[in-house]
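According to Swiss-Prot, the topological domain 'Periplasmic' annotation covers 1-17, 74-90, 248-256, on the basis of sequence analysis. The topological domain 'Cytoplasmic' feature in Swiss-Prot is assigned to 39-52, 112-144, 188-226, 326-343, 388-397. What Swiss-Prot lists as transmembrane segment is 18-38, 53-73, 91-111, 145-165, 167-187, 227-247, 257-277, 281-301, 305-325, 344-364, 367-387.
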């Protein structure tokens, strides 16, 4: 089938439903597998310092394969690329189940995730366009956040019952995602017949980076989404240290519940963005980005649980409203210049590099003994200033 056959179809077409279901199951597996594998490391008496390595190998796969996965997504039908990527995740989860080194298995899942991301976002621009694309991004983000919430809880609960059951559930989720991918229409490849020389692919990826950076709109989107997701991961780790200091609560559950409030808020914000923001009015999302930093600053000063819950949900709402239009803008403009797959691959490189950089700065701040509350205040202030500077930069260019 040609690509044009499916363009501008209903937001709830068979293909779109299959994409959303596959995304939910795949993201559910990703989040459940993290907690299940952490439980496995504890059960097998791995040292505590080894636990962050799981996140590092996962993010590292995104960065390492960034020059190649965009071309993969654009050279084949994106639904089939998604199916192959989920198959890699299934293989990684199954290998952990069968006793293969968990770091190797999790690395394979990371490779699958790296290949999956450009295809899952790129296909939205092939199934729908224009104002529907923002709404489709909202559905994608909402399904992802729902999967994060349910997957994280399921991974932890099942691991407390039996680690092997938790790992098997993750493999089952990936298997379900593979099946869902079968129902995605086989669209024409966006850019077939490209060279598979690794040097040329790397050069082509760097050219895509340059092309997107030179375009004011895509540069604006890349910087904005990278700042957001880098800050989001840092906030997750900040909460782990902040809760016992600010609230005097030492259990492991409270930081998880607080993180869940952010995720719920993102769903609400994504829905609001789908209704209130179009590709022509993307700048409407910028005040929300600035307010994220302001609310993080206020949150860092709290000492009561209920205001903390409310402020974190507000951070999530602002975050969803901020990031969904930027994603849609990059997909639409990137599809026309370097291909949607390459655009998302460049975005992944930026976001994951920002994650590593921000986490590194945060870890250094903790290492030198800066108290967590001042870290939170500084983090919020710097984020607000960074988004304000980005907005001013975008308006001038």
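In case you wondered, yes, glycine gets a Cβ from its N, Cα and C as well.
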- Positions whose Cβ lies under 8 angstroms from the topological domain 'Cytoplasmic' (188-226), at least six residues beyond its ends: 1-3, 66-68, 70-71, 73-78, 122, 126, 282, 289, 322-323, 326-327, 329-330, 333-335, 337-343, 345-347, 349-351, 353-354, 387, 390, 393-394, 397
- Query: Are the transmembrane segment (305-325) and the transmembrane segment (227-247) near each other by the rule of at least 3 C-beta pairs under 8 angstroms (pairs 6 or more apart)?
  - Reply: yes
- Message: Considering only Cβ pairs within less than 8 angstroms, which of the stretches 91-111, 305-325, 367-387 has the most against the transmembrane segment (257-277)?
- Response: 305-325
- Contact call for the transmembrane segment (91-111) and the transmembrane segment (167-187): at least 3 Cβ pairs under 8 Å, seq gap 6+: yes
- the transmembrane segment (167-187) versus listed stretches 18-38, 281-301, 305-325, 344-364, 367-387: most Cβ pairs under 8 Å: 18-38
- For the topological domain 'Cytoplasmic' (326-343), give the DSSP counts of helix residues, strand residues and coil residues. 16 helix, 0 strand, 2 coil
- Note on the structure: Comparing 18-38, 53-73, 305-325, 344-364, 367-387 for Cβ pairs under 8 Å with the transmembrane segment (145-165), the winner is 18-38
- Using a Cβ distance cut-off of under 8 Å, indicate which of 18-38, 53-73, 344-364, 367-387 has the most pairs with the transmembrane segment (281-301). 367-387
- What residues in the same chain, six or more past the boundaries of the transmembrane segment (367-387), come closer than 8 Å to it by Cβ-Cβ distance? 224, 227, 231, 234-235, 238, 241-242, 245-246, 286, 289-301
- Query: Honestly, do the transmembrane segment (344-364) and the transmembrane segment (18-38) touch, with at least three Cβ pairs under 8 Å and pairs 6 or more apart in sequence?
  - Reply: no
- Message: At a C-beta cut-off of under 8 Å, are there same-chain residues at least 6 beyond the topological domain 'Cytoplasmic' (388-397) that contact it? List them, or none.
- Response: 216, 220, 223-224, 227, 283, 286, 289-290
- DSSP says what for the topological domain 'Periplasmic' (74-90): how many helix, strand, coil residues? 15 helix, 0 strand, 2 coil
- Message: I'd like the per-state residue tally for the topological domain 'Cytoplasmic' (188-226) from DSSP, helix first, then strand, then coil.
- Response: 28 helix, 0 strand, 11 coil
- Note on the structure: For the topological domain 'Cytoplasmic' (326-343), the distant same-chain contacts (Cβ-Cβ under 8 Å, at least six residues beyond its ends) come to 69-74, 78, 118-119, 121-126, 129, 133-134, 137, 141, 190-191, 204-205, 207-208, 211-212, 215, 217-218, 220-222, 224-225, 228, 279, 282, 285
- Query: Looking only at residues six or more beyond either end of the topological domain 'Periplasmic' (74-90), which have a C-beta under 8 A from one in the stretch?
  - Reply: 15, 18-19, 22, 26, 29-30, 108-109, 111-113, 115-116, 118-120, 122-123, 126, 171, 174-175, 177-178, 181-182, 184-194, 339-342
